[in-house]
């Protein structure tokens, strides 16, 4: 049905994944924020290009037209404009909604979490952009998902390429959308769509192909700066100059080897205005499959300098750049990895179970567990007056609780607690 119920162990796995991403955002000084799941319909319409057809539209009892948020970026831009905010570094973790055909095996759902990090404000070129790429690198490295690559491009470079290939401006966004399919289908099919559906001439499509099939690093940026046609185009020249600066900063961050300047990257959303990027995994998620899982990109983002101005009555612009981590796709990989390894996922973070071996010791358990909770220790006990010790230890094994704090009549007399390692069965008195 495109949504799913998660049993406790899987929900705990996703919670740990979300917490790891949030820790990375917080390391970079971002403040948490939230926006409503419901927005006015006109707030969202016209911001996503062809993707706008996936909006869930609603109508309240008064007849007001609403929609469920499609992403976290447009509501953020609306928030900045409404509150006249010109500088902000924020993160937002929340559910978004797509009226889409779900592909659950690929982590594609109608209702799913997004994890966004954004920097808004007028700053010197490429410094915030480089930090967003650093965050993608940190998250994917911390999660140990395997080898990955972060593709970068610039909408201004694509605009310049289309201009020198004599593509009219009215066909820029549709052509962008077609080029963006190059990571899924071969060039021959992309070329066929350009000619057959987008109305480009075969010669123009071939000229585009000479550029969009290129990928590399700083060397490719330098090569295109020397390209006679592109260097005459103002937008392309600006984009290439900024990408050269970006690679300098990425080298200082020590992550340039994971970045590929890929001219086929276009990203389908209309609101991008400059640098765009997308992260993909390069290896299978486990040893039991020969080919990588077809899950698409696991992170993406870019610069959207014009979006806030769409909501400001005076059209005042606030430059912004941000990244969204594809948490559901990453979660699908982790789920499959856990399944393949046969490892058990703990449904809770409980550190210790308070247990008693004899009857009529409920008061002792309640007193001890209260002390543990007050000390910040994650503790549980069974909700029975006189549970058998074997049942209590079995509960530890079933839920992965590593320790049992046992207090019996002898321990009470001696003024100690017996701490048992559930896995090794070793015990110490303290």
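Yeah, the Cβs are placed from backbone N, Cα and C, and that goes for glycine too.
Within the same chain, residues at least 6 positions away in sequence whose Cβ sits under 8 Å from that of residue 114 (L-histidine binding site) are 71, 72, 92, 93, 94, 95, 96, 324, 325, 326, 327. If you look up TrEMBL, you'll see 71, 72, 73, 98, 114, 118, 267, 271, 272 marked as L-histidine binding site.
Residues or ranges marked as domain 'Aminoacyl-transfer RNA synthetases class-II family profile' in TrEMBL: 1-347.
Taking all protein chains in view, 19 other C-beta atoms sit within 10 angstroms of the C-beta of residue 71 (L-histidine binding site). Residue annotation for L-histidine gives 71, 72, 73, 98, 114, 118, 267, 271, 272. The furthest Cα pair among them is separated by 21 Å.
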